[in-house]
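Presented below is the structure to which this report refers.
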C-alpha cells in the first residue's frame, strides 16, 4: 500500500515538473492586438509598424490553433501626473 501511494505521488510530481515550464512560457498578451491571419498579411511586423504600433509578430492565439494570427504590440501609454 505504501509503495503504491509513493508511486502515485511520484507520478503527480513528474506531471507537475513537466507542465510547469509550459505554463511559465505563456506570454502576456494584454499588450497585443490581433489584426488578422498571417496568411493574408505579407509582413506582419512591417504592417504593424506602418499602423503606428511598436511592431508585430505571428502567434498562435490559442495553444491548439492551427493558423497563426498577426498581433501588433501596443505602445505604452504615457500619463503625466
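Cβ coordinates come from backbone N, Cα and C, glycine included.
Sequence-distant neighbours of residue 58 (disulfide bond) (same chain, six or more apart, CB under 8 Å from its CB) are 38, 44, 68, 69, 70, 71, listed in sequence order. The disulfide bond annotation in Swiss-Prot covers 38-58 (among others), and the record cites similarity to another entry as its basis.
Sequence annotations record features per position, and here Swiss-Prot assigns disulfide bond to 44-70 (among others).
The disulfide bond annotation in Swiss-Prot covers 48-72 (among others), and the record cites similarity to another entry as its basis. The secondary structure of residue 48 (disulfide bond), as reduced to three states from DSSP, is helical. Listed in sequence order, 35, 54, 55, 56, 70, 72, 73 are the same-chain residues at least 6 apart in sequence whose CB falls under 8 Å from the CB of residue 48 (disulfide bond).
Sequence annotations record features per position, and here Swiss-Prot assigns signal peptide to 1-26 based on sequence analysis.
DSSP classifies residue 38 (disulfide bond) as helix under the three-state reduction. Under the DSSP three-state reduction, residue 58 (disulfide bond) is assigned to strand.
If you draw a 10 Å sphere around the CB of residue 72 (disulfide bond), it holds 22 other CB atoms from the protein chains shown.
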